[in-house]
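Features reported for this protein in Swiss-Prot:
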{"type": "BINDING", "residues": "9-12, 23, 73, 78-79, 140, 155, 170, 228, 333, 351, 366, 377", "note": "UDP-N-acetyl-alpha-D-glucosamine binding site"}
{"type": "BINDING", "residues": "103, 228", "note": "Mg(2+) binding site"}
{"type": "BINDING", "residues": "386, 387, 423, 440", "note": "acetyl-CoA binding site"}
{"type": "REGION", "residues": "1-230", "note": "region 'Pyrophosphorylase'"}
{"type": "REGION", "residues": "231-251", "note": "region 'Linker'"}
{"type": "REGION", "residues": "252-459", "note": "region 'N-acetyltransferase'"}
C-alpha cells in the first residue's frame with residue numbers, strides 16, 4: 001500500500017446557509033460537519049492530513065486542533081485553487097491523495113477505503129467517487145469509455161441529450177496520484193464564466209496526457225450529500241440520526257421511537273438499556289447497561305452507571321453511579337458526582353456537588369456547591385444557601401445525616417455525621433455529630449384569638 005494523504009476542502013463561506021457560523025462548523029447530530037469528515041478520514045492510515053481553510057479559519061483550526069495541518073485559501077478561486085494551497089505541505093510527496101469536501105458529514109471510512117483500494121488496484125492517476133441515482137438533474141455526469149474508465153465529466157448544463165440520460169454522477173470526492181495531482185494543478189485554467197479554477201479540470205488534463213482515470217461507484221448515495229443550505233443540513237441530520245440509532249439498536253439498545261430520539265455520534269450506550277421518546281443524548285456521553293432513559297430527557301457529556309433510571313430530567317457534564325433514580329423533572333448541573341443507589345426526585349436541582357452513596361433528595365430541593373455523605377436524607381424543601389450575592393460557599397453534610405423538611409443550610413456550614421436537623425430550621429452554624437439542631441421560632445398558640453378578632457371587627 002502506498003503512502004496516503006488527504007486534503008479536506010473547508011474554505012467556502014457558505015453563503016446559502018445565511019449564518020454567522022462558518023459553514024463546515026454547523027453541527028450534524030451535535031458534531032460539526034468538518035469534524036465528522038476528519039473523524040472518518042483519520043481511520044484511513046494517513047501519513048498527512050491537510051485541511052484547507054478560508055473564512056473562519058481560526059475557528060476551524062480551534063475545532064480540529066492538532067489532528068490536521070492547515071493551508072489557507074485567503075481568496076476563494078475554485079476547488080483546484082483550494083487544493084493547490086496544500087502544495088507546500090504535499091507537493092513533493094509520493095503516494096495517493098484523497099480530496100474531499102468538508103461539508104459532506106455522512107461519508108464513511110468504509111466508502112473512502114473502498115475508493116482508495118479501487119484506485120490503487122486500477123493503477124489510475126485519478127479516481128472519481130461516483131453514485132447512481134434515478135433523478136440526476138443538476139449533477140455532473142460520468143461518461144465512461146469501452147474499458148469502463150472515465151472519459152470525461154460533463155456538467156448538467158453542458159450535457160447533450162445522450163449524456164443527460166446517464167445516471168452515474170460525480171460526487172465531488174476524488175483520489176489522485178499525488179505527484180500527478182500537483183503537476184496538473186499548475187495547468188488548470190480559469191477561462192470560464194466564473195473565472196475560477198475547477199478540480200474536475202485535472203481529470204481532463206490527466207486524460208489528455210494518456211493516463212488512466214477510473215471511477216468507483218458507491219452504493220450509498222446518501223453518504224455523498226453535500227450540505228450547502230439549511231434544507232440539506234436537516235436532511236443530513238435525519239440520515240445521521242437514523243444511522244446512529246440503527247447502530248445502537250443492532251448493539252442491543254432498545255429505542256422505543258427512533259424517529260423521536262436524538263443520540264450523538266460520540267455517545268456510547270450499553271446493552272439492554274431502554275431509550276424512551278423525546279430523549280436527547282449529546283456529546284461524549286457514556287451510558288451503562290440496563291438503564292432506562294426518558295421520556296423527554298436531555299443528557300450531555302455525562303457518565304451514567306449501570307441500572308440507572310432517568311426520567312423527564314436534564315443531566316449536564318456530570319457523573320451518575322449505578323442503580324440511581326433521577327426524576328421526574330430533576331436537573332443535574334455541571335460538575336456533580338452522584339454516587340450509587342441514590343434517589344434524586346422530582347424538582348430537585350443539584351449543582352457542583354458530590355452526592356454520596358445511598359443518599360436521597362426526593363423532592364423540591366436545591367443542592368449547590370455541597371459535599372453530601374452517604375445515606376443522607378434531605379427532606380422536601382431542603383436548600384443549601386450557597387450564594388451571598390458575590391461569592392459561592394460550600395455546605396458539608398456528613399454520613400447518616402437527616403435533614404428535615406423546609407430547612408435552609410446557610411453556607412459555609414457543616415452538619416457532622418449522624419446529626420439531625422429539625423424541619424423548618426435555618427442553620428447558620430455547624431451542627432455537631434449526633435446532635436439535633438432546631439433553628440426556628442418557638443410556636444405560640446393564642447386560645448380563642450379568632451373569635452375575639454372577628455367579634456372586634458363586628459363592633
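Cβ coordinates are placed from backbone N, Cα and C, and glycine is handled just like the others.
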Looking only at the region 'Pyrophosphorylase' (1-230), what is the mean pLDDT? 94
Among the binding-site residues 170, 228, 386, which residue has its Cβ surrounded by the fewest other Cβ atoms within 10 Å? 228
Take the C-alpha atoms of residue 170 (UDP-N-acetyl-alpha-D-glucosamine binding site) and residue 386 (acetyl-CoA binding site) and report the distance between them in angstrom, rounded. 61
Report the member of 78, 140 (the binding-site residues) whose C-beta atom has the most other C-beta atoms within 10 angstroms. 140
Binding-site residues clustered about residue 9 (UDP-N-acetyl-alpha-D-glucosamine binding site) [Cα within 10 Å; pool: 103, 228, 387, 423, 440]: 103
Sorted by position, what residues of the same chain at least six away from residue 23 (UDP-N-acetyl-alpha-D-glucosamine binding site) have a C-beta under 8 A from it? 12, 13, 14, 17, 33, 55, 103, 227, 228
Indicate the candidate from 366, 387 with the smallest number of other Cβ atoms within 10 Å of its Cβ, considering only these binding-site residues. 387
The number of other Cβ atoms within 10 Å of the Cβ of residue 103 (Mg(2+) binding site), counted over all protein chains shown, is 27
From the DSSP assignment alone, can you count helix, strand and coil residues within the region 'Linker' (231-251)? 20 helix, 0 strand, 1 coil
In whole Å, the longest Cα-Cα distance within the recorded acetyl-CoA binders 386, 387, 423, 440 is 22
Length of the line joining the Cα atoms of residue 440 (acetyl-CoA binding site) and residue 140 (UDP-N-acetyl-alpha-D-glucosamine binding site), in Å: 80
Which of the binding-site residues 11, 140, 366 has its Cα nearest to the Cα of residue 387 (acetyl-CoA binding site)? 366
With a 10 Å radius around each C-beta, find which of these binding-site residues (9, 11, 423) has the fewest other C-beta atoms nearby. 423
Distance [Cα-Cα, Å, rounded] between residue 333 (UDP-N-acetyl-alpha-D-glucosamine binding site) and residue 386 (acetyl-CoA binding site): 15
